[in-house]
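So that you can see what the record holds, here are the features copied from TrEMBL:
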type	residues	note
SIGNAL	1-21	signal peptide
DOMAIN	97-196	domain 'Platelet-derived growth factor (PDGF) family profile'
């Protein structure tokens, strides 16, 4: 009589052990899955291109997607063949045209040198009594998005491009003359952290008169009462030959005239 009950008890105990083992295994699987998801999230955040993103999210099919893109770009390719080879990926995941649109947009926002306009006076840091015409020049500067919030798009290499502009000083001392300036032009960009930025030396944004060249004009014709100063690279008052008949000056808001010559106010 006791033998059947003993058998039943053994069966129940064994079944409980199996349930506990199953719970342990399920917990282990859940922990493993969670860890894998966390790693995948970090990888996805760092993805810098559509190809890299698909490689993470669809590791077995990203090569097939690349192949399909190439096949579709061939004009003489049999459409049935291309469709047949890529049906699996298209049906299971995304439309190829949608992926192309996303990829094109992603490429447009990469951290690269971009054509932009910069204000010359701010670049040169000139005094307020000088301005340029045209006031802006066209150069390349680093711009675009980085794939991590801790990174910024920074220039890693720079060249200087020459620009010729009119420099005008106020009060007016002479007719505006073309002057050469050099503006920084970014040729290389990279997403860098704050610590990585210090690996690259600080690059001057612009150079108006490089030290090795000095002022480009050794001598220029100035109005009466003014002489050319090659150190300052501008016309200055000739204090040694100031006119004695200053009372003949007729004042107007910006400047005054003496015998038809445009001179600044004293």
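Every residue gets a Cβ built from N, Cα and C, even glycine.
Note on the domain 'Platelet-derived growth factor (PDGF) family profile' (97-196): DSSP counts are 20 helix, 54 strand, 26 coil. For the domain 'Platelet-derived growth factor (PDGF) family profile' (97-196), the predicted model reports an average pLDDT of 88.
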